[in-house]
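Report on the structure given below.
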Amino acid sequence: MSTNTPDPRFVGLLEGARSLQPRTVALRRQIHRHPEQGLQLPRTQAAILHALDGLPLKVTKGESTTSVVAVLEGDRPGPTVLLRGDMDGLPLQEDTGLSYASEVDGNMHACGHDTHVAMLASSARLLSDRRDALRGKVLFMFQPGEEGHHGARYMIEEGLLDDGVEKAFALHITSKMKSGVVTCRPGPIMASADTFHIHVKGRGGHGAMPHNALDPVPAAAAMVGAIQTMLGRRISVHEPAVVTVAQINAGTTTNIIPETATLDGTIRTLSEATRKEVHKELKQVVKHTAAAHGCHAEVSIVPGYPVTVNDDQVGQHVVDLAAKAMGPTWSEPMQDPLMGAEDFSYVLQRVPGALAFLGACPRGIDLDEAAPNHSNRVLFDEAAMEHGVAMYAAFALDALR
């Protein structure tokens, strides 16, 4: 990794992060061995509290979840900046062959949240040694329940932002980028994510006499194509949107036309306006397609995470900041948003800030061949974590200078 730190504010920052690498790696591997899912992660919380013990932090635990909030006060008063790391794992059986692979059946840190926790904890230690350079407070947000459980929203409801936060920043590791590189962009960076459920009701009958029934199966099949046509003809070509029908279920045996059929899937958009438009058009096309087949359909849409929108100024500044803190080799502007979703979006709805990505493609593996996040074979280059630690610290030092 490069040791070039051209900006005097960040002199020694990478070296400091590198000196903490044994701690960072040890905490990451400890959490990786014992992944937990959802909002209640007692073992992970205990590991975080132990890692922060002895630092000049005011630490509080969540009330309804196992979140941890730690506050570092600089030597001089000023605003508050928030740094976030999520904590939870995924329901996967790990197949990496790592010496520190998950010891919990059916649970795995396949999205790198173990690295996020470790990097954030080490950044707290690094910044604790630089309190004299901080004019304000750093709020370290250790968040459970990112994987579909709205953990950030729980923390906000418990008062996370009540004392005022001027800027917010989160890193997300990815195996599909060059190790150590930080990338970011202004504006939308990740999509909204909603779930839809469609219930098609017809009239059952004998498979040999379809004219005496109202078959919901062809109605459901027609809906799959009609939904994609709707996206291409009713939604602006300038507004990305994805609707994926991921499940279709109907029937019990081969000679019975079923009474009902169901379709389930996901909706992804990059603006709230498009999100509302897709919801409206989906309901319309499903209703009329069902009617064309003599059936009736009901659509329910379960709202998920909102669009993750980086502040225009902060999003661009993160790219510049990474170059200043670590050298231009380790900074890249992000061209296109991702259609995945993130609940850091709840924070960014209320506080100007940015989510950025940290590359961690394993050494010797081509980017195209690297297993992606959420794979049970995903691997992350642990050397990238020292850049993550430095980047968290650089964001705080820059915001509170």
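Even glycines carry a Cβ here, placed using N, Cα and C.
Taken residue by residue with DSSP, Glu147 (Mn(2+) binding site) is part of neither helix nor strand, so it is coil. Residues near Glu147 (Mn(2+) binding site) in space but far in sequence (CB under 8 A, at least 6 apart, same chain), listed by position: Gln37, Gly38, Asp88, Gly89, Leu90, Cys111. What TrEMBL lists as Mn(2+) binding site is Cys111, His113, Glu147, His172, His374.
Annotation comment: TrEMBL describes 194-291 as domain 'Peptidase M20 dimerisation'.
Considering other CB atoms within 10 Å as the measure, the emptiest surroundings among the binding-site residues His113, His172, His374 are those of His374.
Sitting within 8 Å of the Cβ centre of Cys111, His113, Glu147, His172, His374, and not among those site residues for Mn(2+), are the Cβ atoms of Asp86, Asp88, Leu90, His109, Ala110, Gly112, Glu146, Asn373. Across the domain 'Peptidase M20 dimerisation' (194-291), the model assigns an average pLDDT of 98.
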